[in-house]
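Participant: Sharing the features that TrEMBL gives for it:
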DOMAIN    B:10-554  domain 'Cytochrome oxidase subunit I profile'
TRANSMEM  B:27-47  transmembrane segment
TRANSMEM  B:81-106  transmembrane segment
TRANSMEM  B:118-141  transmembrane segment
TRANSMEM  B:172-198  transmembrane segment
TRANSMEM  B:210-238  transmembrane segment
TRANSMEM  B:271-292  transmembrane segment
TRANSMEM  B:304-324  transmembrane segment
TRANSMEM  B:336-354  transmembrane segment
TRANSMEM  B:375-395  transmembrane segment
TRANSMEM  B:407-433  transmembrane segment
TRANSMEM  B:445-466  transmembrane segment
TRANSMEM  B:494-515  transmembrane segment
Amino acid sequence: MKALFYIIIFVVLIVACWQFVKLLGLTKVDNQTATEKENNINGWLLLGLMGFIYGLMIYTLFKGSVVLLPQLSASQEGEHVDILFKITMGLILVVQFVMQFILFTFSFKFRGVNNRKAFFFADSHKLETIWTVIPTLVLSGLIIYGIWTWNHVMDSSGAEDPLFIELYGKQFQWDARYAGADNQLGSANVRFIEGSNTMGVDMTDKNALDDIPLVVNEGKFVKELHIPKGRKVIFKIRSQDVLHSVYMPHFRSQMNAVPGMVTEISFTPSVTTAEMRENKDTKAKFDAINKLREEKGEEPVEFDYLILCNKICGSSHYNMQLKIVVDEEADFNKWLASQKTFAQLITK
Amino acid sequence: MSDHHHKETFVTKYIFSQDHKMIAKQYLITGIIMGCIGVFMSMLFRLQLAYPEQSFSIIEAFLGRAGEGGVMTPDMYLSLVTIHGTIMVFFVLTAALSGTFSNLLIPFQIGARDMASPFLNMLSYWLFFLASVIMIASLFIETGPANAGWTIYPPLSALPQAISGSGLGMTLWLISMAIFIASSLMGSLNYIVTVLNMRTIGMKMTRLPLTIWSFFVTAIIGVVSFPVLFAAALLLIMDRSFGTSFFLSDIYIAGEVLHYKGGSPVLFEHLFWFLGHPEVYIVILPAMGIVSEVMATNSRKPIFGYRAMIISIIAIAFLSTIVWGHHMFVTGMNPFLGSVFTFTTLLIAIPSAVKAFNWTTTIWKGNLQMNPAMLYSIGFVSTFITGGLTGLILGDSAIDINVHDTYFVVAHFHLVMGVSAIFGMFAGIYHWFPKMYGKMMNKDLGYLHFWITAIAAYGVFFPMHFVGLAGLPRRYYNNTAFPIFDDLLHINKVMTVFAIIGGLAQLIFLANFFFSIYKGKKAPKNPWHSNTLEWTTEVEHIHGNWAGELPTVYRWAYDYSKLDSNGELWGGQDYTVQTVPIREGEEEF
């Protein structure tokens, strides 16, 4: 019934709109195309719209940039992505500025005046050639540089002594498994899931027993995925049920988790968690966040690297996260040595 | 069709009509109703995004149990975004935009008495109507409507255990879409055949208005790509109901291993986007055609680069069928394919840029008549540029990685195909309303509608880019689970305020539209002083469009402000209708 009430309000608003204009319309002579006065007013308003768009751009660029991810990429590969991103974004901003300027100033300048003749100008091979060739050249550059960067980011074949980690998504949490002493992940399939073997690892595989599952460490509330700075990490990604996506924005890295197949993404962490906390962008962002939290009476937070789920996966898609900690390599090795392998867990 | 003796009853005239003009109006009205529902849904989930966990009685009123206490459930949030996307993309921007203007303008502008098959045309509308009814019906079922996202990727969409909407809700979604595709194919085949075979004497392909070119090419893309979605939907139905494993493999859910083996969700993604990407051009090309026509008419100038415009429409259509993989850069598809799709995707910027340059050159040195249709056309070019440019980021695989599936994507496609196509549709409605209903729409309300809508559209979708660049994934019920997104709440509030203003502004349009049908001023025969054939017909609709012979065409559609050798306007007026023979000393363009 309440819904009906709202619908009636909408209908009344519609009727009110019409009545309002009927009042205005009484005094007005209607010219079919547009009067000089209308052209003039709307011409000026179009300039105003341009001002609004520019204002939004400038305001968000300067004032809004504090909400963005830290400019510093936390992975070596991400630095290449950032360069390509900055070049493209610069190009976009310039073209946007220029094209909107041309569009709106033309609209303003040539707003209709009675008895003025428009200029019959139907074609120009020269102009057409210019604005086919220039975008083609610019885009060729972007394509070549883009593909080079893509290959650089995606190709992990040449890595020396990479660290293999399996990431395992399920509704609605992330699990992980380190490849252990042999640095080879034991094979797995959801058909092996039983009891405490929640990731479906094939325990008869000789590579499996030295694998190290990620558990909640003593004194912690959540799982922490540790990775070393300066060593290539290759993530092998699986899903238990539906599509998920491993999204690690600070590392400029993302890959879907697909049931029935193993996907892969890799990067070399280049900034430890401690270093990133000292970064000035991070500090500015977290100062702002903590100020907001204080106003709401919430506890202050510190920066942490995260995996977010970025492919719709069900009701709690919005809260499927895993904390990542980037350590110096020595600290990482110490931490990994303190973790228990499957073999140790089973015998215990 | 020479059924002069056939008496029209209410049913054959208004309901099961085979007349292209009536079918166009039926599409438009159905589309407007669907559009209201789709936009209203977006208002509800914008409230949730800006004010998470706050109670709104409007949410409780419309969502019932899923909005108990005035806060919607996560499943209902996902349902709203799913159905909002489905309705806006397919039912409004595909069916209502193409259906209205292709049906209205193809016979009119090529000089035909009706579509090649009026019966198929009627069937096409009624299947669309049926699909709409089923989609709306799915909102009222116990387990809720489909909520796996409008892209309905399996396994989420295949398994009721995974999410509540994947039960009956998804079944209805699939049935509705299957019927919708049948409707769309009937329409498209009809458009293609009509344009190819039923042009009047003298209407060469190179004299067609750009509207017809864009509808024609759109229909071709539709025929090529929609059947693939039909196949995907059919296979998904098989997986869901008959235990096949096309898209499913190795799944453990709700405590048990499912029997599926050997299928791949990535296959579904390929099939879906093989339609899904051309689909955005199915949406935008008709809008481009409308804008080209409206802009030329109201600039009192020929469209600049007519041939280049046709070539770029065809180039866009061709490229659109080989770029689908840019939706799948991070799906586990072979990285080599990523390179290929980056290449083809960025190429599509070239014909798009040519079109944008040609539009701006069209208004250069024009005598712009700022009626609402013209304002919407200028707005179209503006949002198309703003939204299109960020495609350079999303189409480039390496930089797509980090913004893939974030709000950056949402901002991009809403500007470039959502807002732009809606602007094109409004331009078309304001421009051809006199042709459809024989009445004029109120111009002041039109201006008010445009200005609020344009400001609101930018106000919603421009800041949204920054939310995406901050790393916020789309389809999140709320972002309070991540402290790093705490500082995005105030931007979300700004966007929601603009969204509500923009949504309410559509009430102005509704008022103008429906009251003008009954109370609007009677339209003259050619209100915009336009060159195309539809304005040579009488204001009152008659079956067969032209009372006597079909008109003969002697020139293209864009002889505006053409001067004779003395520098005077030909015939003393700034337009020359296509039916005027080439005069002595005049050169045909």
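Using N, Cα and C of the backbone, Cβ positions are placed for all residues, glycine too.
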Participant: Does the transmembrane segment (B:375-395) make contact with the transmembrane segment (B:271-292) through 3 or more Cβ pairs under 8 Å, each pair 6 or more apart in sequence?
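Facilitator: Contact confirmed: at least 3 Cβ pairs fall under 8 Å.
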Participant: For the transmembrane segment (B:210-238) against the transmembrane segment (B:336-354), do we get 3 or more Cβ-Cβ pairs below 8 Å once near-sequence pairs (under 6 apart) are dropped?
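Facilitator: These two stretches do not touch.
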Participant: Do any residues, 6 or more residues outside the transmembrane segment (B:407-433), come within under 8 Å Cβ-to-Cβ of it, and if so which ones?
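Facilitator: The answer is 28, 88, 92-93, 96-97, 100-101, 104-105, 280, 283-284, 286-288, 290-291, 293-294, 297, 371-374, 376-377, 379-380, 383-384, 386-388, 390-391, 393-394, 439-441, 446, 449-450, 453, 457, 460-462, 464-465, 467-469, 472-474, 509, 513, 516, 528, 534.
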Participant: Can you name the far-off residues of the same chain, 6+ from the ends of the transmembrane segment (B:172-198), with a Cβ under 8 Å from a Cβ of it?
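Facilitator: Those are 86, 90-91, 94-95, 98-99, 102-103, 106-107, 110, 112, 115-117, 120-121, 123-125, 127-128, 130-132, 134-135, 137-138, 141, 145-146, 152, 208, 212, 215-216, 218-220, 222-223, 226-227, 229-230, 233-234, 236-237, 240, in sequence order.
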Participant: Given pairs 6 or more apart, does the transmembrane segment (B:27-47) have at least three Cβ pairs under 8 Å with the transmembrane segment (B:336-354)?
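Facilitator: Per Cβ check, the transmembrane segment (B:27-47) does not touch the transmembrane segment (B:336-354).
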Participant: Would you kindly list the residues that approach the transmembrane segment (B:304-324) from elsewhere in its chain, counting only those six or more residues past its ends and only Cβ-Cβ distances under 8 Å?
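Facilitator: Same-chain contacts beyond the ends: 206, 210, 213-214, 217-218, 220-221, 224-225, 270, 273-274, 276-278, 280-281, 285, 288-289, 292, 341, 344-345, 347-348, 350-352, 354-355, 358-359, 361-362, 364, 395, 556, 558, 589.
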Participant: Limited to the domain 'Cytochrome oxidase subunit I profile' (B:10-554), I'd like the whole-number average of pLDDT.
Facilitator: 94
